[in-house]
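Copied over from TrEMBL:
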type	residues	note
TRANSMEM	20-39	transmembrane segment
TRANSMEM	51-71	transmembrane segment
TRANSMEM	102-121	transmembrane segment
TRANSMEM	182-199	transmembrane segment
TRANSMEM	219-239	transmembrane segment
TRANSMEM	245-270	transmembrane segment
TRANSMEM	291-308	transmembrane segment
TRANSMEM	340-358	transmembrane segment
TRANSMEM	370-388	transmembrane segment
Amino acid sequence: MQPQNSPGGNWRSRMRINVRQYTMIIALLLVWSIFTVLTKRIFISPRNLSNLFLQSATVAIIACTMVLVMVAGHIDLSVGSAVGFTGAVVATLITKAGWPTLLAIPVTLLLGLVIGLWQGYWVAYVGVPAFIVTLAGQLIMRGGLLGVTGGNTISPNSELFRQFGQGYLPQLFMKVAGFNDFSALIGILAIILYNVSAVRSRRGRIKHGFAVSSPRKQILIQVSMSVVIALVFAIMVFYHGIPYAILIVMAMVLIFSFVSQNMTFGRYVYAIGGNRDAAQLSGINVKKTNFLIFVLQGLAVAIAGIVYTSRLNAATGGAGSGMELDVIAACIIGGTSTMGGEGTVFGAIIGALVMASLDNGMSLMNLGVVYQYVVKGIVLLIAVAVDVSTRKKQ
């Protein structure tokens, strides 16, 4: 039997992740189709889907770095409270302290880095399990959130700040109602970028002697994905355009996909998650890598806190409550293993859309919160069961 860390074993691992991702895309489209029928096409309307993308933005932003945390074999239970805390801080700086938005936001991002530095230090250098460190962080930041807000709602009075969570890309040249040419241009660039990336990835696998899909299958996959991307962008193009929050998500996906797949740091993360002892013996600085993972997580949480507070235009004592569960569920549903070593940023984004679609669709059907929790719990349980079953078959 071929070892897992051999070239062949590594290829099988990557192919298994890819198959699961494509399966999740099909599952996402199936969920959309079901809710389209059950809501008499309200679900598939451009307005609702644009709102759906906005609703999933906060979870998607955090999921980009939560993937790295989970791939390395850790977990972060503090992200929900951290989103609420950083959001309350930026709202307080703008509203009560009178700071300009362009100063309050960098300070909030710096706060996120400090949170990441603090938790990363305890996990990486002191050796306290991430579960305990982030659980403590959850309690500390929930207390900080209540202290900052005083139990009240803080509404930032800055139009610039609201743009981060509520604004859309402006039109460039064609001042046509119901069509955003700037967003259409970005959609075209996204399709081109995807296809160039897919071709380069295929050539790289061939160059290093890894098996690849047949040309016909590769073309089918690329055409199908291009159609899906085109449909997603068309929905936004024919509404108000691409929301700024979605641009932030796209930037996060591109950056952390590149980091995880093309940089030495990303390879170290997967190596640590696959076999920590072997990674250490091979010369990888495990402590430094784990530390940087949590620093990046802290930065992502601050970005998410800004977007979340901007979208709601309010910071409350209950902000972000339970969000960590949605983020973790999104990663697992998107193919990130609960045991470390496997997962992709793209898969986590698909998982975030699946979770947001379930919430959105059931809300449109006027189903109570009880049903929403039950359905999401069942979906998460099935996803973990599939992961465990796949591990046993290896």
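Note: Cβ is positioned from N, Cα and C throughout, glycine not excepted.
Heads up, TrEMBL stuff is auto-annotated, nobody curated it.
Between the transmembrane segment (340-358) and the transmembrane segment (182-199), the number of CB pairs under 8 angstroms, six or more residues apart, is fewer than three, so the stretches are not in contact.
No contact links the transmembrane segment (291-308) to the transmembrane segment (370-388), because fewer than 3 Cβ pairs that are 6 or more residues apart lie under 8 A. When Cβ-Cβ distances below 8 Å are used as the criterion, the transmembrane segment (245-270) is approached by residues 53-54, 57, 60-61, 64-65, 67-68, 71-72, 164-165, 169, 186, 190, 236, 279, 284-285, 289, 292-293, 296, 300, 303, 307, 310-311, 341, 344-346, 349 of the same chain, each at least six residues removed from its ends.
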